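Have a look at the structure below before the remarks.
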Amino acid sequence: MARLGRTGFLTLAVVFHLIYAYSIFDIYFVSPIVSGMRPFRVEREPGSEAPAKRLVLFVADGLRADKAFELTPDPDLPEESNGDDLTFLAPFIRSRVLSHGTFGISHTRVPTESRPGHVALIAGLYEDVSAVTTGWKLNPVNFDSVFNRSRHTWSWGSPDILLMFKEGAVPGRVDADTYGEELEDFTSDATALDIWVFDKVKELFASAKKDPELNAKLREDKNVFFLHLLGLDTTGHGYRPYSKEYLRNIKLVDQGIKEISQLVEDFYGDDKTAFVFTADHGMSDWGSHGDGHPDNTRTPLVVWGSGVAPPKQPQHGVPSGHEDGVSADWHLNQVQRNDVAQADVAALMAYLVGLDFPTNSVGQLPLEYVDGTPREKALAALANTQEVLEMYHVKEEHKKAALLRYRPFEPLASDYGNSAEQRLAMIKDLIDRGFYEDAIETSAALFATALEGLRYLQTYDWLFLRTIVTFGYVGWIAYALTTVIHLHVLHGASESDRTTASISFFSSVLVALFSVFLYQGSPWRYYLYGFFPIFFWEEVFARRKAFHAGRAGALLLPKRDLHSNKVEDIDTITYGGAFMLLTGLLYLLFEDEILGTSHQPAAVSRKGSRNIMGLQLGMVLLALIVTRSSAASLQAKQGLPFGNQVVGWGVLIASLLLPFAHRLYPNSHYLHRLMIIFLTFSPTFIILTISYEGLFYFAFCMTLVTWVRLEHATYVYTAKPVAKQAQETIEPPKKANPGATTVVDGETYRFRTLTVSDARVALFFFFLLQSAFFSTGNIASISSFSLDSVYRLIPVFNPFSQGALLILKLLIPFAIISANLGILNRRLEVAPSALFMVVMAISDVMTLNFFYMVRDEGSWLDIGTTISHFCIASFLCTFVAGLEFLSEVFISGVDFGLRTDAITASVPDIVNGITSKGQKDVPNGVEDKE
């Protein structure tokens, strides 16, 4: 309600936007996982067996497809070589492509992170995008997988991947041998991780020669061996994928795979082993992944061994797979390239070893990789299609049971003569009559239709939920504008006007919505989604007189993506730190001229404050020195010296605590307070910067100070004629408007009414807020943030601590802008939070636009970008509310040099939610207060 006042309004804004920001995951990214499906496997002739008895899966975490196949300068040559000696880094893998198996590119989905990538490879399932938040935790995999369908799986590698698959499988079915997380050091030689895995595999087969029980277990069929090779991912993060370290790691992985393949073949000696080599995701040029850039989504896929089709030469007039030009410099044009979706790999592995297809798999068996008769391929395609249809039928039954009225998917509805059972019977008849190619084509068409049916069920509730959310956002915009007009234009003069009919109407709609949610067993969040639109529009209707009295304009804000593909540059870091240091020194030297003599504090207080500021400058200098030393040591691959790490943490913590010492020697001038805040965060920005961010911080702070002074000068200039006219009038001064008051530091002050020119201030703030978001890194793609800076404090893999440091760096510009706007708010003599409320009212025009632009299919880059855009726009309002509270902390006790009127009488505080109705007139006696 408009009576909520300032604190209530800001709290409501935060709660509403946090809840509605989650709505895209309830609408667009509902988990596809269901249970209760029957498993399906390929039907084989009596006495026949699966193509392979066992399967070995190699996953090179973070390996790009191009780096695996292209010609590259030999990383082992000395530095002085001219670089003309080009070589293939993975000769063994290349030999499998050319003469032993089938290859292609496995295209991944966003988020290109380890957990979703491995889930797609091993379960054939694309998790919803929000599942990336569990990628760094030990979390049971609550869906079916190839490991779960195997007789037994042995796995080696990182605990982040192996343990979650072990916990989610049938007890005792998966063995996971992992190394400690302390080995995942980004500043050390990560090849040790892969060597550890290869050595453990060799130990297992060596032990089998002495252990008859283990030997017998290893020789059973339907076994899977999983080697998770994390070295490339760790090396790529630390040194970039074009570094010699990354290229050497590729050579080591290739040699290790060669040795393990030979070891397995020698141990069994039956040529009944299938081998799969791939990656969970790629790696960008700046050593990160997560978004949909092609370098992250293209991974190699090489399959060879028992049951795998040999390499095929491209036929004239038939697509070779190389038409897109991606593999033009791989020198593999003489071999057919067969690209697949990442989830297809799970279906391929299940087929090769004769397992049931994972029941949640949406992967389509790539028949180009299968070495079998046309009948075998037709039966395999049929079983693959039956598995997906089974998932469709189960999900459809769940949907029917939950809805008041269900409309079936026409292409698979029996009412329309298109039942899946009829089409399956037709496929079986084609196989029985020997029309295998027709059966394969029909199965593929039915498979695609089943996926469309799953898509139909996944999006069934979209229209209903999106309509509710749209009414919620539009209602918030109208409610916020009504509140601003009521509080800061009409000063509480408008009254609510509810009628019995309006109360009955809105109550009936709310009851109807809640009844539908209750019948359908909807999550508790749906009730909140439905409550907010009713609440907002009921308030807008009740305050419609205030809305009609004001004038609201639609503000369209241009927006663009900024990309920040940065590399570490010590000189640029130094320039930024030098500007920060120079700014502080110049302030200390010319403090009297900057502040003016009329605002000088007591001599003791002035000296103490200058001494503390001198210590802050010392922290800036020390941060610059230790950052240069740490960066040089890391670039020289000497690791992070322990002393540097201790000093870095000491400077970071001390610089954030030192400003509190200024309370002992207060200097209340607003420029002095801004300089303290500037120097407080300077050491943090120096330590956590890798390139131009320090220069941005300096320029951003100077721009904000200039903006504050310019807006105040503009306000004084435009108000001067009015003041002069007031002095010349012979009429007695009018009483102060009792509605235009607020409480500041325990006293009541007069504030002015908002005008059209204040929209300019709000727009400038909105622009600067966008700059704070995007200038230190493209938050639309979190992978654009480099980890180089956090290595100076945390060199060992610790995602939560490293992420916290990156978030701290990201939030600093918001702290700076909140302090400046808080000061500007007071200098312009408008009510606290007035400008913040205007910004919150206009920001959701952009939010609603991005809500309808969210996509959950198509280009993976588009999916990730649209989600990020919506979340950024939605959280902007939440940030603004938080910044408003933060600004009060930063400007507490600041002297603004204003002529404000202290009102001696006790008056209600409209901004804090009390109406002016019945308020007594305020006395004329006002007292100038500096």
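The backbone N, Cα and C atoms fix where each Cβ goes, glycine too.
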(request) Kindly tell me whether the record in Swiss-Prot places Gly8 on the same side of the membrane as Ser833. (result) yes
(request) Within the topological domain 'Cytoplasmic' (543-569) only, compute the mean pLDDT. (result) 48
(message) Counting CB pairs under 8 Å, which listed stretch among 640-660, 685-705, 804-824, 834-854 touches the transmembrane segment (9-29) the most?
(response) 834-854
(request) Please work out whether the transmembrane segment (685-705) lies in contact with the transmembrane segment (612-632), by counting C-beta pairs under 8 angstroms that are 6 or more apart in sequence and asking whether there are at least 3. (result) yes
(request) For Asn148 (N-linked glycosylation site), just count the other CB atoms lying within 10 A of its CB, please. (result) 21
(message) Are there residues at least six beyond either end of the transmembrane segment (522-542) with Cβ under 8 Å to its Cβ atoms? List them, or say none.
(response) 1-2, 16, 19-20, 22-23, 26, 465, 468-469, 471-472, 475-476, 478-479, 482, 496-498, 502-503, 506, 509-510, 513-514, 516
(request) Could you tell me what the rest of the chain brings near the transmembrane segment (640-660), counting residues at least six beyond its ends with Cβ under 8 Å? (result) 187, 612, 615-616, 619-620, 622-623, 626-627, 629-630, 633-634, 676-677, 680-684, 687, 791-793, 795
(request) Could you pull out which residues elsewhere in the chain have a CB under 8 Å from any CB of the transmembrane segment (612-632), counting only those six or more residues past its ends? (result) 568, 570, 573-574, 577-578, 580-581, 584-585, 587-588, 640-641, 644-645, 647-648, 651-652, 654-655, 658-659, 661-662, 665, 675-676, 679-680, 682-684, 686-687, 689, 788, 792
